[in-house]
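Asks: Annotations per TrEMBL:
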BINDING   73-86, 278-290  NAD(+) binding site
BINDING   ARG93, ARG103, ARG131, ASP220  substrate binding site
BINDING   ASP220, ASP244, ASP248  Mg(2+) binding site
DOMAIN    2-349  domain 'Isopropylmalate dehydrogenase-like'
SITE      TYR138  site 'Important for catalysis'
SITE      LYS188  site 'Important for catalysis'
Amino acid sequence: MKIAVLAGDGIGPEIIAQAVRVLEALRSDGLKIELEWGLLGGCAVEAAGEPFPEATRKLATDADAVILGAVGGPQYDALPRPLRPERGLLGIRKALNLFANLRPALLYPELANASTLKPEIVAGLDILIVRELTGDIYFGEPRGIEQREGQRVGFNTMVYSEAEIDRIARVAFGAARRRNRRLCSVDKMNVLECTQLWRDVVTETAEEYPDVELSHMLVDNAAMQLIRDPRQFDVMVTGNMFGDILSDEASMLTGSIGMLPSASLDENNKGLYEPIHGSAPDIAGKNVANPLATILSAAMMLRYTFDLESAAARIEGAVKKVLAEGYRTADIYEPGMKKLGTAEMGGAVLANL
Ligand code: NAD
Ligand code: IPM
Ligand code: MN
């Protein structure tokens with residue numbers, strides 16, 4: 001099993017190092033994996049002049065799975081748009097056809113008090129956000145900033161084809177079938193034609209999944225409902241941009257954005273695995289970032305791409321134990337707990353594998 005490792009920028013190298021330690025520990029226990037390192041994002045711009053170099057494309061295409069830290073940072077914000085680190089990330093998602101982004105928001109009971117919401121609102125939280133990842137306003141054309149009648153005008157295009165909507169809906173219905181059989185599709189059909197089509201197609205696809213209860217919600221209400229009563233949701237399915245925003249919101253229900261892993265999958269479960277958070281430039285290089293989202297992303301990789309449920313559960317079990325023992329990084333710290341740095345948290349997971 002070939003795994004491409006892309007550390008990226010900011011806290012990327014710090015958090016990916018901890019996930020790699022965990023994978024290497026499983027390898028010395030007999031897991032047959034090969035790790036190969038590559039460049040994506042700002043570090044790739046610095047080394048190779050582009051955020052998604054050909055060598056990385058080849059590495060990722062040849063690998064069975066990719067694990068990624070995060071990309072981006074203020075030092076790259078002035079670069080021309082095609083050279084931005086984020087373009088590299090969008091490029092690799094598109095190149096590998098990773099249209100299905102699974103973002104589980106799961107509250108570890110030990111972290112019920114770490115959330116900014118009351119524990120009784122979030123206790124037992126277990127929702128799955130299925131975010132479409134290769135379409136929508138992220139990729140729609142035309143896009144740009146232009147001079148029109150003496151002033152600058154910025155524009156992007158929100159666009160989805162029915163094939164794109166149908167295939168992500170099938171992923172979401174399938175996931176709901178393996179969970180509590182409830183799917184909420186999130187759109188803005190009261191204003192946007194693109195999402196009217198979204199609602200129509202999801203409703204049509206639902207005919208093939210009569211055992212799953214489908215509901216629809218407008219995105220502004222969904223944002224509010226996630227905070228009011230998040231446990232009303234089982235699986236949520238939505239487009240690229242709404243999914244980006246709602247998943248950051250959902251992460252805080254679990255205590256910290258540093259806890260949320262993700263899988264980005266193609267039709268054959270080849271995948272890229274990364275925490276949902278970014279490169280956190282404000283804390284980079286300080287050994288304080290929470291590596292658990294990245295370590296849990298490695299677990300998702302073993303489950304989804306390699307079908308190694310027990311190895312995945314072993315990692316998740318170790319994370320649970322570490323939390324139960326009271327170990328916390330700064331983002332989930334509460335008085336009375338034992339505060340650890342990034343590398344020490346990685347070490348604690350290793351010790352409990
Ligand atoms: P961010 O997710 O990097 O950080 C938001 C806040 O959360 C910060 O205060 C940060 O310190 C904190 N945080 C994030 N991850 C953490 C962790 N593991 N442990 C503890 N705290 C953590 O979002 P941002 O600041 O808006 O973006 C910073 C850069 O990252 C930008 O360049 C952005 O484009 C990029 N970005 C990349 C990805 C990705 O690579 N997938 C995702 C989001 C943002
Ligand atoms: C994410 C990030 C990316 C996105 C950016 C960095 C391109 O926010 O993975 O959630 O918007 O998809
Ligand atoms: Mn995001």
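Backbone N, Cα and C define each Cβ position, glycine as well.
Just so you know, TrEMBL annotations never went through curation; they're auto-generated.
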Asks: Report the residues of the chain - excluding ASP220, ASP244, ASP248 - with C-beta within 8 Å of the mean position of the site's C-beta atoms, for the recorded Mg(2+) site, in sequence order.
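Replies: Apart from the listed residues, the neighbours are VAL219, ALA223, MET241, PHE242, GLY243, ILE245, LEU246, SER247, GLU249.
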Asks: Say we define neighbours as other CB atoms within 10 Å of the CB. Which of the binding-site residues GLY73, PRO85 has the fewest?
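Replies: Least crowded of the binding-site residues GLY73, PRO85, by Cβ count within 10 Å, is GLY73.
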Asks: Would you report the average pLDDT that the model assigns to the domain 'Isopropylmalate dehydrogenase-like' (2-349)?
Replies: 97
Asks: Would you mind checking how many other C-beta atoms are within 10 angstroms of the C-beta on VAL288 (NAD(+) binding site)?
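Replies: Taking all protein chains shown, VAL288 (NAD(+) binding site) has 21 Cβ neighbours within 10 Å.
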Asks: Is any of ARG93, ARG131, ASP248, ALA280 (binding-site residues) within Cβ reach of ligand 1, i.e. under 6 A, and which?
Replies: ALA280
Asks: Given the recorded positions LYS188, ASP220, ASP244, find the one whose Cα is closest in space to the Cα of ASP77 (NAD(+) binding site).
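Replies: The answer is ASP244.
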Asks: Indicate whether GLY73 (NAD(+) binding site) is helix, strand or coil by DSSP.
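Replies: In three-state terms, GLY73 (NAD(+) binding site) counts as coil.
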